[in-house]
Amino acid sequence: MKIKIQKIHPNALIPKYQTEGSSGFDLHAVEEVVIKPHSVGLVRIGICLSLEVGYELQVRTRSGLALNHQVMVLNSPGTVDNDYRGEIKVILANLSDKDFKVQVGDRIAQGVVQKTYKAEFIECEQLDETSRGSGGFGSTGVSKA
């Protein structure tokens, strides 16, 4: 699949996959940002893109940032719809007790292109019964069976 990219910032980098088997490609910051402890920050990527109809871009946390710095994409996965043409930006949450400094060019998130499907919603009076029913939020427990 070919994705058209428009660079709208001089520091913008065209995304690329780091390995042959990578599902995600890196998204790079175009300006310095300091995210205070237990706060969020908006990081500019400096690109706009055009996805084919039927696809979305998911913006996901990089595992190294989560493990080593307690920094994550707040709405992970963030969704970039195929009809959006504005700049890609990433909401990062700093869960640590220290400032997190984003430098120009830092790989701050990863993007994954996913196929999307349109559902048809049908109103009904009652749903099919299941053994689980309406149990949720821990209703199945956490211990091994």
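Every residue gets a Cβ built from N, Cα and C, even glycine.
Note that the structure is predicted; figures quoted are calculated from it, not measured.
Listed in sequence order, E56, L57, Q58, V59 are the same-chain residues six or more apart from T79 (substrate binding site) with CB atoms under 8 A from its CB. Per Swiss-Prot, the feature substrate binding site maps to R62, S63, G64, N75, T79, V80, D81, K89; the stated evidence is sequence analysis.
Counting other CB atoms no more than 10 Å from each candidate's CB, the binding-site residues R62, K89 peak at R62. In the three-state DSSP scheme, R62 (substrate binding site) is classed as coil. All chains included, 10 other C-beta atoms sit within 10 angstroms of the C-beta of S63 (substrate binding site).
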